[in-house]
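Colleague: Have a look at this one.
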Protein chains: 2
Amino acid sequence: MTPEESKNLLRELLLKGSSEELNHELEHIHPADILEILHEDDDANFETILKRLPESFVADLIDEEDEEEKYEILKVLSDYQQSEVLKEMSSDELTDLVGSLEDEELDDVLNKMSDEDREDVKQLLAYDPDTAGGIMATEFIAIWENKTVKKTLEYLQSIKEEMESSYYLFVTDRNFILKGVISLRELVSTPFDTLISEITNPHVISIDVNMDQEEVAHKFEKYGFVTMPVVDETNKMLGIVTVDDIVQIIQDENTEDIHQLGGVSGEERVDGTLAESIRSRLPWLMVNLLTAILAASVVGAFEGTISQVVALATIMPIVTGMGGNAGTQSLTIIVRGIALGELTGDNARRILFKELGVGLITGVVIGLLMCIIGLIFQGKMIFGLVCGVAMFLNMVAATMAGYFVPLLLKKMHVDPALASAVFVTTVTDVLGFFFFLGLATMFLPYLL
Amino acid sequence: MTPEESKNLLRELLLKGSSEELNHELEHIHPADILEILHEDDDANFETILKRLPESFVADLIDEEDEEEKYEILKVLSDYQQSEVLKEMSSDELTDLVGSLEDEELDDVLNKMSDEDREDVKQLLAYDPDTAGGIMATEFIAIWENKTVKKTLEYLQSIKEEMESSYYLFVTDRNFILKGVISLRELVSTPFDTLISEITNPHVISIDVNMDQEEVAHKFEKYGFVTMPVVDETNKMLGIVTVDDIVQIIQDENTEDIHQLGGVSGEERVDGTLAESIRSRLPWLMVNLLTAILAASVVGAFEGTISQVVALATIMPIVTGMGGNAGTQSLTIIVRGIALGELTGDNARRILFKELGVGLITGVVIGLLMCIIGLIFQGKMIFGLVCGVAMFLNMVAATMAGYFVPLLLKKMHVDPALASAVFVTTVTDVLGFFFFLGLATMFLPYLL
């Protein structure tokens, strides 16, 4: 059966299968696959299918769906169904849902929640959405250390419904102060009569509720866990963060960095609207226009020289362009190094000298080539020297700008990915024109 | 206790603690934390600490360590210790280790492995390292569906050692043909006398052994699993891929894309050596130099025009620079859209028209501004018009190049991130100079 055929079969089932068949099959179908079908179908089918699905499954669908589309699913259901769906969702899923809503929709959805859920969500909404508190779920399994493995398994069997996203059990005291952790792996492979305290790992690595989500992602990468506990300053356990959220955060942060380095907003999407693209790009083009005018004004100041040696106009874009390339190379390495946490206080000095070395060496190589190009092009040794020396100076300036601009932006608490490229190419354009045309003006009598 | 103090305490323990203390404490310390201490210490301490650690812990350290550094840890140990450490490592960990070795070291390490491990590793090395086969581990827990939960738990208790990285149990027949999956969550929360067949999910989502690792990462993102089974074409289970490897792959692929977009090799690291940086960057600078000469030769062809209207030399870098910025914006969105799988056959046409729309609208806006700038700068309406029209044409060409270049490269099976930027800026430079100086030459009599 081809993927297309099995998709059609599934669509048939969703639209026309008996509710018994439907419930039976859905137990084993991943919501992401149903979502794919819903996205491809028309509005009528969309509504029919959603109304036929069990509430717990709709809850999973909403969890899988992109932030802006979550409410589209919920709102086709009856008020009663909506309440039932909301009951099935965990606190972080609910928070994600309401986080994207406008005031009126927000009130409506909050009213349909149980009192307990509403309180949880209001608490979670109080955290900055880009921190551990903003991404955590408050549902987790806390156990006590004076029980045996068998007792604990029986306890877990009794709360099956709540087991949803845990691969670890957290050992706490009655006030939920975090004492230790046990993986399910450990639990299932330990004899029944062992005491929990014997297999508890007391060195839990936890996350402060106010930690930035990028730092949380670094912790997951470093330790390779699938779940980490979130605690407040008293070590009271507040919730858990799971690795599937982290994968999404890593991708989003990377998209943001790549977009910003390319001069578009972090939020623009390839399948977004024309208006969104214009809003994302036009402001940066305006900023670039200003910096381009600044650079052009340097050229303007040397028009007298150019009018006497027109060959300068031909060569000058090479000098600024190559500087721009070298600067972009350095800033790319530095910006990525900062994002990955690989550029630290300890190695910053060594990396500065390395970048300087790159500037000097590539400057000599490209400078020599420019010298030859200039000589061939205009026939005068001194013209070649002006080309080569200007190129050398601009390459060194470029790597230094590529090093210092992102680090200075970071010191000023500006995202280095956001503005580094504009600053660095402004430096290489302005200095490139200045070095080249300035040197040419100094040696003008010999160039004629 | 500050992090610095607890680190010093741990270092003290590693260097001077009794072996009993050491073994007891290490049970609960994450290898990533020990690795941090080893990286900061001098060579003498590095060796002392490694020789004092239990072999199973050294195996974990090697697993955590970066690819190129793994062998540095192993080689300080005695031959006997090396064999013991290798015994503790899983097949994918061993494959990662030997994958980075030169011929002589490789033979040495293979000789120290058990016969079984050596066979496993040789098999895994046969897979392309960038596919599911190249990243999977061959250790997984297969169970049979006619057993009860309790029998299964007892079985797991008996093979505790092998449980290392599983959160799922895979139900197979005697030939390891994959029949279904059970999460540990499900297992621990189901009454003891339930049959495994009753809680097995037969709709396992599996990964073909030859699937590219980037596609594997997409599957993990889509479904949010922490482990996925790897199968061959007969649905025989070969191994598992775990989400912690996926997080690393996602970061590496992102770093590669960001670096390539910035004109440096995917492998360069911010804390690498000067020689590595030069090797990573100089080739791209050379390519850029060639394309810059190509663009400059367009300027050279119009030297006659420039010598008569020197103001053209001042304005022309703005026309090419702005085109470069607009082209980079489009290609960034397209390259990232391809990488995230968001640009598909279905929406490619719509996105083409959107990019064209962006080119036309930003072209009109920036073109009008250029028209005014030209007018102010030189005082002639016709000069302003030449600036504005050239700018408009170059903005449209830029967005079209930003759209088509990455897609064409992808069709030719070249990584779009690798070469798009060079091609697009070459287009915007060459066409920018050509539009601007060509128009100026056409209207030269009116510009004088």
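Cβ atoms here come from the backbone N, Cα and C positions, even for glycine.
Below, the features straight out of TrEMBL:
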DOMAIN    A:200-256  domain 'CBS'
TRANSMEM  A:282-302  transmembrane segment
TRANSMEM  A:356-377  transmembrane segment
TRANSMEM  A:383-409  transmembrane segment
TRANSMEM  A:421-447  transmembrane segment
Colleague: Tally Cβ pairs under 8 Å between the transmembrane segment (A:282-302) and each listed stretch (A:356-377, A:383-409, A:421-447), then give the stretch with the top tally.
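Modeller: Checked against A:356-377, A:383-409, A:421-447; highest Cβ contact count belongs to A:421-447.
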Colleague: What are the DSSP helix, strand and coil residue counts for the domain 'CBS' (A:200-256)?
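Modeller: Taking each residue of the domain 'CBS' (A:200-256) in turn, the totals are 25 helix, 16 strand, 16 coil.
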Colleague: For the transmembrane segment (A:383-409), could you work out the same-chain residues 6 or more beyond its ends whose Cβ comes under 8 Å from its Cβ atoms?
Modeller: 309, 311, 315, 318-320, 322-335, 338, 343, 348, 351-352, 355-356, 358-360, 362-364, 366-368, 370-375, 377, 415-416, 418-420, 423-424, 427-428, 431-432, 435-436, 439-440, 443, 447
Colleague: Mean pLDDT across the domain 'CBS' (A:200-256), rounded to an integer, is what?
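Modeller: Summarising the domain 'CBS' (A:200-256) by its mean pLDDT gives 89.
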